[in-house]
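Undergrad: So Swiss-Prot has the following annotated:
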- CYS147, CYS150, CYS200, CYS203: Zn(2+) 1 binding site (BINDING)
- CYS164, CYS167, CYS186, CYS189: Zn(2+) 2 binding site (BINDING)
- 5-70: domain 'J' (DOMAIN)
- 147-154: repeat 'CXXCXGXG motif' (REPEAT)
- 164-171: repeat 'CXXCXGXG motif' (REPEAT)
- 186-193: repeat 'CXXCXGXG motif' (REPEAT)
- 200-207: repeat 'CXXCXGXG motif' (REPEAT)
- 134-212: zinc finger (ZN_FING)
Amino acid sequence: MSKRDYYEVLGVERGATEADLKKAYRRLAMKYHPDRNPGDKESEDKFKEANEAYEVLSDASKRAAFDQYGHAGVDPSMGGGGAGFGGANFSDIFGDVFSDFFGGGGRGGGRGGAQRGSDLRYTLELNLEEAVRGTTVSIRVPTLVNCQPCDGSGAKKGSTPSTCPTCGGIGQVRMQQGFFSVQQTCPRCHGQGKIITDPCTSCHGEGRVEEYKTLSVKVPAGVDTGDRIRLSGEGEAGTHGGPTGDLYVVISVREHEIFQRDGKHLYCEVPISYTDAALGGELEVPTLDGRVKLKIPEGTQTGKQFRLRGKGVAPVRGGGAGDLLCRVAVETPVNLSRRQRELLEELRDSLEGDSSHSPKASGWFDGVKRFFGDL
């Protein structure tokens, strides 16, 4: 008996997205699951067929092979890659199916019981000086907090949750699966044993409400982009008495107009005049601690790098401060007066023919001569 097209099996178009495939498979798995159709051979076969189709189409490489070669591209008996349960991870989708089928008691425990609140993430932008020296900032974070009128219970003030009639208050029900009897989380109360018949009007029975929370964050010295500060218990409130989540403040350091940072070292470019580069001199350069004097030796070329030790960043995790590395950029003079041009022309004439004043140029021209001499 020939196999049906996998797209036909799932009831989707050939251009279906991953979400479309998952939705279609989930629907079929719910419909034909053997536990819902005990003793029905046809349903069992369709369930297996849907599994096989989803296993292939949810895998990018297998789907490409199927699109190009059909079943021959994925059937091991025809030399293909094979289709079954060996190469796919169905834990996420089976979790969804079992959650709906058994009311939250599928793999991993489902939705019932006290649950910890979600962790939150907040991106905090700092300038370089704040990141290097440390600071304290105030932030405003949207979150979910326990509803005050009902104290997080979800029930209207003055009322109390009722015993769940489905499970009798124990939060678990027994489901018959073929020859086995399995205990599952109650689908009505989600394991609480109680149901809310008169919900709180403030939170509509959710037990939590949205609120902005203002917090003070102490940022240690030396942080860098990507570092995280954990504020324990400042995330979303838990449900059904569960603990509160945490807040993670993620550092993002803005670009600086002068300095670039690489770990504990700082870098900057220092423009110097043509004459200072030739004759040498002294100039002031900025650091995060103020200005310092930098001595420029005569004959300094563009790209020369000077290291100011200890003028970088002290890492947040300890250790000595890094260095500040200043890269020199020699500026060619512009907007010259007549007299200045005359002086430069005199200098050029005096240097002409003497390669000792231009060591790099001398080496470069020697290389050019050798290059053309080899041609």
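Placed from the backbone N, Cα and C atoms, the Cβ positions cover glycine too.
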Undergrad: Return the residues near CYS203 (Zn(2+) 1 binding site) by Cβ distance under 8 Å, restricted to its own chain and a separation of at least 6 in sequence.
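TA: Non-local contacts for CYS203 (Zn(2+) 1 binding site): CYS147, PRO149, CYS150, GLY154, VAL209.
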Undergrad: Can you tell me which parts of the same chain pack against the repeat 'CXXCXGXG motif' (147-154), counting only residues 6+ beyond its ends and a CB-CB cutoff under 8 A?
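TA: Contacts with the repeat 'CXXCXGXG motif' (147-154): 161, 196, 199-203, 205-209, 237, 241.
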Undergrad: Can you give me the Cα-Cα distance between CYS167 (Zn(2+) 2 binding site) and CYS200 (Zn(2+) 1 binding site) in Å, rounded to a whole number?
TA: 23
Undergrad: Cβ under 8 Å, sequence separation of at least 6 from the ends of the repeat 'CXXCXGXG motif' (164-171): give me the contacting residues as numbers and ranges.
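TA: For the repeat 'CXXCXGXG motif' (164-171), the far contacts come to 112-113, 185-189, 191-195.
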Undergrad: Quick check: with CYS147, CYS150, CYS200, CYS203 left out, which same-chain residues have Cβ atoms within 8 Å of the centroid of the Zn(2+) 1 site Cβ atoms?
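TA: Counting only non-site residues, the set is GLN148, PRO149, ASP151, GLY152, SER153, GLY154, ALA155, LYS156, PRO199, THR201, SER202, HIS204, GLY205, GLU206, GLY207, ARG208, VAL209.
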Undergrad: What is the Cβ neighbour count of CYS167 (Zn(2+) 2 binding site) at a 10 Å cut-off, with all protein chains included?
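TA: Looking across every protein chain shown, the total is 23.
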Undergrad: So for CYS186 (Zn(2+) 2 binding site), how many other CB atoms are inside 10 Å of its CB?
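TA: Its Cβ shell of radius 10 Å holds 24 other Cβ atoms.
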Undergrad: Counting by DSSP, what is the helix, strand and coil composition of the repeat 'CXXCXGXG motif' (200-207)?
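TA: Grouping H, G, I as helix and E, B as strand yields 0 helix, 0 strand, 8 coil.
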Undergrad: Quick one: Cα separation, CYS200 (Zn(2+) 1 binding site) versus CYS186 (Zn(2+) 2 binding site), in Å?
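TA: Cα of CYS200 (Zn(2+) 1 binding site) to Cα of CYS186 (Zn(2+) 2 binding site) measures 23 Å after rounding.
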Undergrad: Would you mind giving the whole-number mean pLDDT across the repeat 'CXXCXGXG motif' (186-193)?
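TA: Taking every residue of the repeat 'CXXCXGXG motif' (186-193) together, the mean pLDDT is 81.
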Undergrad: For the recorded Zn(2+) 2 site formed by CYS164, CYS167, CYS186, CYS189, name the remaining residues of the chain with Cβ within 8 Å of the site's Cβ center, in chain order.
TA: PRO165, THR166, GLY168, GLY169, ILE170, GLY171, GLN172, VAL173, PRO187, ARG188, HIS190, GLY191, GLN192, GLY193, LYS194, ILE195
Undergrad: Report, as a single number, how many Cβ atoms besides its own are within 10 Å of the Cβ of CYS147 (Zn(2+) 1 binding site).
TA: 22
Undergrad: If you count the other Cβ atoms within 10 Å of each Cβ, which of the binding-site residues CYS164, CYS189, CYS200 comes out on top?
TA: CYS189
Undergrad: Give the number of CB atoms, excluding that of CYS150 (Zn(2+) 1 binding site) itself, located within 10 Å of its CB.
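TA: CYS150 (Zn(2+) 1 binding site): 24 neighbouring Cβ atoms within 10 Å.
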